[in-house]
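Engineer: Would you mind keeping the following structure in view while I ask a few things?
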Amino acid sequence: MITKIHARSVYDSRGNPTVEVDLTTTDTGLHRAIVPSGASTGQHEAIELRDKDKTKWAGKGVLKAVENVNTIIAPALIKEKFDVKDQATIDKFLIDLDGTPNKAKLGANAILGVSLAVAKAGAAAKKVPLYAHVADLAGTKKPFVLPVPFMNVINGGSHAGGRLAFQEFMIVPSEAPSFTEAMRQGAEVYQILKTLTKKKYGQSAGNVGDEGGWPDIQTVEEALDLITDAIDKAGYTGQIKIAMDVASSEFYKEDAKKYDLDFKNPDSDSSKWLTYQELADLYKSLAQRYPIVSIEDPFAEDDWEAWAHFYKTSDFQIVGDDLTVTNPIRIKRAIDEKSCNALLLKVNQIATLTESIQAAKDSYSAGWGVMVSHRSGETEDVTIADIVVGLRAGQIKTGAPARSERLAKLNQILRIEEELGEQAIYAGTSSEPPHLYIFI
């Protein structure tokens, strides 16, 4: 039984305030969760409540969300005497308590902190690891699947300076025999890439972006050339693939219905903006020259026509993030309109674990893949590592093998791999792919 819930304001990896929730039960003591936040957020995401008091934290304070946990959620939830193992009932209670379709009243950051703390308490009450509890809640079959890490090694877009429009360039060690070996391969390529980047762009290029990748690259081709060179020098040509998160909503010009790859330049030449057909052709051209297996958010979040066109004419994994925002209504539309074939699952986009699990199950039912993801404003909380294993998703995106808030998740999966031993398989080499792993 829950005896105490207490929220406080702490800081994320960008130095911005975020919500931490402590939940105490009679039997298993204290359970803690910290909520992440995004930089390039989809407009259809659940609402992250910020104070908007410009005199404090430039308006990014979360004191109202903290107050909502402490004065509204905590007394209401404790009064109900719920069993912490009953995640679905508690999450429904939180959704009903908020009463809005996008969690705008209490705040997605308030609700998610409580939902994840409840999940940890539920696992402890069952005396099982969190990933096993998530698997029970989701009805996931065995064996457990350890995910392929999509490592964001070059940061552009809204995550870094420089002119680079595309937000993330990831290496994908999908041919490794285990998660441990995938981490080694990825870390080796990352270190070589660091050396190559500093050699080409100078010592300052060794500074990293929000997610641990190198930020000082100017064009898409430069980024891809550097990555393929690093893969080659590490000895993994043909074994390590490339994925991109374009985050194209960030540079979509809605009035012109075109895409501006020079969007960081205030004097961008509008004659060089691209139609969605031209942008689709660019992706296909890049995929012919580089080992690209997955593209996330290739088009703007409401440019549905572009997504459908690309889906019909391409043969790699197309991941919806801003398009789908882990929301069942958006996911259903994307399935019906054949817009993409994989979901990027971010728990803070929908704000409860139960709804996140349902989003994954809806995606699996459509034959989609699922990639569990961090946010650019991360914390030391490792819950998504357990979620990706519990959901058997087979893919995780949690930054570069650098910066502790990124590595915390990857290190947790290393521990899970060690704990599970023969009871787990690595998604990249599995003879029984988790779901849509045919592209990699």
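The backbone N, Cα and C atoms fix where each Cβ goes, glycine too.
Quick caveat, the model's predicted, so the values are computed rather than measured.
As listed in Swiss-Prot for this protein:
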| type | residues | note |
| --- | --- | --- |
| ACT_SITE | GLU211 | active site, proton donor |
| ACT_SITE | LYS346 | active site, proton acceptor |
| BINDING | HIS159, GLU168, GLU296, ASP321, SER373, HIS374, ARG375, SER376, LYS397 | substrate binding site |
| BINDING | ASP245, GLU296, ASP321 | Mg(2+) binding site |
Engineer: Going by C-alpha positions, which of the recorded positions (ASP245, ASP321, LYS346) is nearest ARG375 (substrate binding site)?
Structural biologist: LYS346
Engineer: Among the binding-site residues listed here (ASP245, GLU296, ASP321, SER373), which has the Cα closest to the Cα of LYS346 (active site, proton acceptor)?
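Structural biologist: The smallest Cα gap between LYS346 (active site, proton acceptor) and any of the binding-site residues is with SER373.
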Engineer: Whole-number answer please: how many Å between the C-alpha atoms of SER373 (substrate binding site) and ASP245 (Mg(2+) binding site)?
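Structural biologist: Their Cα atoms are separated by 12 Å.
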Engineer: Near the Mg(2+) site, what residues other than ASP245, GLU296, ASP321 in the same chain have a C-beta no further than 8 Å from the centroid of the listed C-beta atoms?
Structural biologist: GLN167, GLU168, MET244, VAL246, ALA247, ILE295, ASP297, VAL319, GLY320, ASP322, LEU344, SER373, LYS397
Engineer: Neighbour count first, Cβ atoms within 10 Å, every protein chain included; then name which of ARG375, LYS397 tops the list of binding-site residues.
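Structural biologist: Comparing the binding-site residues ARG375, LYS397, the most crowded Cβ belongs to LYS397.
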Engineer: Count the Cβ atoms, other than its own, that fall within 10 Å of the Cβ of LYS346 (active site, proton acceptor), considering every protein chain shown.
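Structural biologist: Counting Cβ neighbours of LYS346 (active site, proton acceptor) within 10 Å gives 26.
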Engineer: Give me the count of other Cβ atoms within 10 A of the Cβ belonging to SER373 (substrate binding site).
Structural biologist: 27
